[in-house]
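Engineer: Below is a structure I'd like to ask you about.
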Amino acid sequence: MAFIHLDVGFLYTLLVCTAFGSMLSNAEIKVNPPQDFEIVDPGYLGYLSLQWQPPLFPDNFKECTIEYELKYRNIDSENWKTIITKNLHYKDGFDLNKGIEAKINTLLPAQCTNGSEVRSSWAETTYWTSPQGNRETKIQDMDCVYYNWQYLVCSWKPGMGVHFDTNYQLFYWYEGLDHSAECTDYIKVNGKNMGCRFPYLESSDYKDFYICVNGSSESQPIRPSYFIFQLQNIVKPMPPDYLSLTVKNSEEINLKWNMPKGPIPAKCFIYEIEFTEDGTTWVTTTVENEIQITRTSNESQKLCFLVRSKVNIYCSDDGIWSEWSDEQCWKGDIWKETLVFFLIPFAFVSIFVLVITCLLLYKQRALLKTIFHTKKEVFSHQDTFC
């Protein structure tokens with residue numbers, strides 16, 4: 001028994017010493033942060049490259065495959081984006097209206113340390129575009145609409161208090177273009193560039209679309225404005241057309257319309273229907289181009305509806321409602337309205353003809369009476385001479 005007790009005690013001591021030795025060994029292992037960490041702007045209007053070089057390693061760790069933990073954000077953001085990578089660079093889009101900060105450390109995996117993972121200290125860097133011009137000189141009310149998923153149009157207003165000689169230029173870039181491009185079809189107001197009609201944009205969907213609008217003036221520097229869009233989220237479709245309203249029976253009504261023309265697939269639409277029954281209006285939505293509704297009263301005399309469309313959540317995160325379609329209506333008791341429509345003018349004309357006839361008859365009677373009275377006087381004179 002004493003031998004067994006001694007053996008267990010020895011094993012316990014050995015385990016404690018091994019664990020302590022391993023902890024001591026790991027505590028002594030240190031790894032350096034990556035070198036030459038920087039943010040590089042290749043001129044893509046906000047699509048930046050974060051890049052670095054491997055840290056300096058002791059010879060016994062050179063065969064280890066290390067990873068890097070990268071964190072970055074715009075300076076006014078509360079949340080960091082975190083990336084774990086084995087590469088020496090990472091690219092992402094940023095709002096260049098604000099500053100950017102990033103930090104990175106080295107992760108030495110557990111298999112290289114015979115223990116737990118080892119992290120280096122952080123290497124940090126920041127990036128700002130070169131500031132120029134007062135904030136008030138930036139354009140205002142930038143508005144971009146991707147009409148029918150085919151034609152992109154952007155418009156803006158001039159900055160506050162800018163000199164009359166100020167003019168603006170728009171540049172854009174998205175992944176697939178070799179370099180940023182300038183607008184070739186400006187919308188002009190009083191000779192100044194206040195918008196842009198873009199050319200056909202090939203393969204531009206579901207990726208960041210970067211825009212910069214800067215300006216020039218001989219009187220003052222103009223601060224540029226930067227924007228990032230996802231084009232599928234600013235699509236404004238055409239309104240639906242060929243609406244039909246069918247009253248099936250005393251209660252059921254069928255509303256139907258054609259999907260908007262253009263390249264947008266049928267599965268990508270959601271429709272908003274505004275239905276009016278005798279002055280009472282309600283609104284509903286559907287992803288189909290047909291809907292059945294129930295009349296609130298089978299004695300309702302007028303039913304009307306109109307429809308508009310938008311790209312739904314299956315094809316985009318957001319969208320812009322189209323204009324409303326033309327209104328389509330149904331009216332009950334149409335024979336009564338038809339009779340009233342024709343009866344009133346007919347009655348008016350009949351009364352008018354009757355009055356004219358009476359006047360003519362009265363005039364004719366008066367004329368005959370005058371002629372008869374004249375003839376009677378002539379005959380009286382002839383009797384006297386005889």
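Glycine is no exception: its Cβ is also placed from the backbone N, Cα and C atoms.
Keep in mind the model is a prediction, meaning the values are calculated, not measured.
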Engineer: Choose one of CYS304, CYS315: the cysteine that Swiss-Prot connects to CYS268 by a disulfide bond.
Structural biologist: CYS315
Engineer: Pick from 321-325, 371-375, 376-380: which stretch is listed in Swiss-Prot under motif 'WSXWS motif'?
Structural biologist: 321-325
Engineer: What does Swiss-Prot give as the disulfide partner of CYS144, choosing from CYS112, CYS154?
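Structural biologist: If we follow Swiss-Prot, the cysteine bonded to CYS144 turns out to be CYS154.
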Engineer: From the disulfide entries in Swiss-Prot, identify which of CYS17, CYS112 pairs with CYS64.
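Structural biologist: In Swiss-Prot, CYS64 forms its disulfide bond with CYS112.
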Engineer: Using all protein chains in view, find how many other C-beta atoms are within 10 Å of the C-beta of ASN114 (N-linked glycosylation site).
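Structural biologist: Step by step: centre on the Cβ of ASN114 (N-linked glycosylation site), count other Cβ atoms within 10 Å, giving 10.
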Engineer: For the motif 'WSXWS motif' (321-325), give the DSSP counts of helix residues, strand residues and coil residues.
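Structural biologist: Tallying H, G and I as helix, E and B as strand, the rest coil: 0 helix, 0 strand, 5 coil.
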Engineer: Compute the C-alpha separation of ASN214 (N-linked glycosylation site) from ASN114 (N-linked glycosylation site), stating it in Å without decimals.
Structural biologist: 56
